[in-house]
Amino acid sequence: AAPCRAQCRSRQHRAAWPGGCRPSSPPPPAVPVRVSAPRLTESGLSMVDWHLVKEMKPPRTQQEWEAEFQKYQQFPEFKILNHDMTLPEFKFIWYMEYSHRMWGRAVGLAYLLPAAYFWHRGCLSPPLKGRVLALCALVCFQGLLGWYMVKSGLEEKPDSYDIPRVSQYRLAAHLGSALVLYSASLWTGLSLLLPLHKLPETKQLLRLRQYAHGTTALIFLTALSGAFVAGLDAGLVYNSFPKMGERWIPDDLLAFSPVLRNIFENPTTVQFDHRILGIASITAVTALYFFSRKIPLPRRTRMAVTSLLAVACMQVGLGISTLLLYVPTPVAATHQSGSLALLSMALWLMSELRRVPK
């Protein structure tokens, strides 16, 4: 086991993914972003059942496709929204969802197989074993949560005219789980790959570290709120900026009763909240950047702060563009990708500011 551990240590300086092929490496950024693709293309409900192995083989013959299409026709989305859909159109949305599920399986194998191999070879330290187990469990949980989310969109609603869609609560849980998985993986990879800086523990550095943690939490919350925007199609409610229509605060902001329902179920309130969180995030990042200029920091840490500000500005521009252009799929997908890039920059900065263990 000793030679293997030495070999593993020498690989810590290789690229986090996929170069090292280690279970502690962060997944490619496309993993959580793939969560948004079925939603943006309205394809998430095209596969009406879930089989871990059986569904890996797609329909091939005309008869198989017609049988799959007939299953889809039994559910609310076809009956209410897509009753005039043709078989070629169904194939498109089916393959969008199929690619999403197959990508998820590929990610699962990319975690589980290397984890089993390095565990068997004795390459993992006891603390790292705990992290690897938690990450692998989260990968499995993410798959089950995805199907639990899809089931909510296949159920008949009390009102037969309700638009078929997945529960925004389950969508947020699915996205949140993906973000937690990505963040934990990236943090673990960075902690192994990047050497710690021996920074003087001044009051200013302590405040900067606290600001970085708070800003990262705010960025995470903003990204999570985007799931409610997507789940309720809230991006199509008010397509103007900075005002919402002709007003700063729309009349229907608190239209639902009780009031707390508005936060998660009123599309107007959901969009309003996402705007406020986005503005708060860019404000926090900008303040963090200017505060960091007062502190002598290593070059790599300075790069992390600057990159965080640059990506935050880009993300704000993408968000406003998505709104003003009525949520075109390419721009919306790029905006959702940008949220992950912004979170990555924030985690990188937090990693740079870690304390040296005593």
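Note: Cβ is positioned from N, Cα and C throughout, glycine not excepted.
All TrEMBL annotations are machine predictions without curation.
Going by TrEMBL, these are the annotated features:
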| type | residues | note |
| --- | --- | --- |
| TRANSMEM | 102-120 | transmembrane segment |
| TRANSMEM | 132-150 | transmembrane segment |
| TRANSMEM | 170-196 | transmembrane segment |
| TRANSMEM | 217-238 | transmembrane segment |
| TRANSMEM | 274-291 | transmembrane segment |
| TRANSMEM | 303-327 | transmembrane segment |
| TRANSMEM | 333-350 | transmembrane segment |
Ask   = What stretch, picked from 132-150, 274-291, 303-327, 333-350, has the most CB pairs under 8 A with the transmembrane segment (102-120)?
value = 132-150
Ask   = Which of 132-150, 170-196, 274-291, 303-327 has the most Cβ pairs closer than 8 Å to the transmembrane segment (333-350)?
value = 303-327
